[in-house]
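Here is what Swiss-Prot says about this protein:
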DISULFID  Cys110-Cys118  disulfide bond
DISULFID  Cys238-Cys259  disulfide bond
DOMAIN    26-68  domain 'Fibronectin type-III 1'
DOMAIN    162-263  domain 'Fibronectin type-III 3'
CARBOHYD  Asn56  N-linked glycosylation site
CARBOHYD  Asn166  N-linked glycosylation site
CARBOHYD  Asn171  N-linked glycosylation site
CARBOHYD  Asn192  N-linked glycosylation site
CARBOHYD  Asn209  N-linked glycosylation site
SIGNAL    1-21  signal peptide
SITE      Tyr99  site 'Critical for IL22-binding'
SITE      Arg151  site 'Critical for IL22-binding'
Amino acid sequence: MMPKHCFLGFLISFFLTGVAGTQSTHESLKPQRVQFQSRNFHNILQWQPGRALTGNSSVYFVQYKIMFSCSMKSSHQKPSGCWQHISCNFPGCRTLAKYGQRQWKNKEDCWGTQELSCDLTSETSDIQEPYYGRVRAASAGSYSEWSMTPRFTPWWETKIDPPVMNITQVNGSLLVILHAPNLPYRYQKEKNVSIEDYYELLYRVFIINNSLEKEQKVYEGAHRAVEIEALTPHSSYCVVAEIYQPMLDRRSQRSEERCVEIP
């Protein structure tokens with residue numbers, strides 16, 4: 001017969017081994033590289049499977065929360081130390097009643113999803129406020145711990161697309177019309193909201209003389225209509241543009257080249 005102290009030691013060892021094994025399993029299920037990817041305020045939460053997961057053997061659960069660094073004095077007052085960022089009447093704005101919200105909320109469309117991403121654009125539309133997202137995985141009846149994103153503030157972190165260009169030839173010159181990217185919000189009259197409503201933007205226009213293989217910046221400013229003059233007849237030119245955000249010292253990628261022949 002096994003002595004009592006040996007049997008007790010066996011039970012303790014068995015229990016600790018089981019706990020360690022369970023913790024190891026949970027850790028290996030935990031989603032990796034959980035982060036927001038944002039373009040033009042389309043805010044997508046993305047992640048990678050845990051080390052133990054392959055294929056479609058698991059499902060994921062997504063939560064999010066907004067973190068305001070202020071507190072409400074009363075339900076009728078603006079939070080102390082806070083300020084209203086934007087005065088507008090389209091769905092991208094939130095009322096002051098939203099200030100102070102800190103609870104994790106389920107994203108119903110991504111609750112039990114097999115995808116590795118979740119669109120949180122609508123849930124993160126207070127663009128100057130910080131957010132967090134988190135994801136947990138489940139497989140074969142086991143659940144991982146939550147894996148959380150770094151702090152995400154859309155206004156600071158979204159990347160904007162290059163401008164859309166329309167080019168028209170006018171008496172040997174080129175008239176370039178630039179359009180800033182639209183956002184996923186709309187005004188009440190169904191008018192698209194532009195990135196210009198949120199940032200000071202400068203447009204940069206470059207022209208390339210194909211015969212000389214030489215690029216020249218011909219414009220930098222806030223106007224969206226740019227005329228390029230003094231072009232050489234019977235020559236080929238290409239035009240590209242980008243957007244620069246002075247406050248963030250950040251620029252977009254360049255647009256696709258648009259090429260024309262000057263008669």
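Start at 1 and count along the chain as shown; that gives each residue its number.
Any Cβ shown, glycine's included, is placed from N, Cα and C.
Keep in mind that this is a model prediction, so the values were computed, not measured.
The average per-residue pLDDT of the prediction over the domain 'Fibronectin type-III 3' (162-263) is 93, rounded to a whole number. Across the structure, Cys238 (disulfide bond) and Asn209 (N-linked glycosylation site) place their CA atoms 7 angstrom apart. With respect to Cβ neighbours within 10 Å, the glycosylation sites Asn171, Asn209 differ, and Asn171 shows the lowest count. Comparing Cα positions, Asn209 (N-linked glycosylation site) lies closest to Cys259 out of the recorded positions Cys118, Arg151, Cys259. Here the candidates are the recorded positions Cys118, Asn192, Cys259. The one whose C-alpha lies nearest to that of Asn166 (N-linked glycosylation site) is Cys259.
Rounded to a whole number, the C-alpha distance linking Cys118 (disulfide bond) with Arg151 (site 'Critical for IL22-binding') is 17 angstrom.
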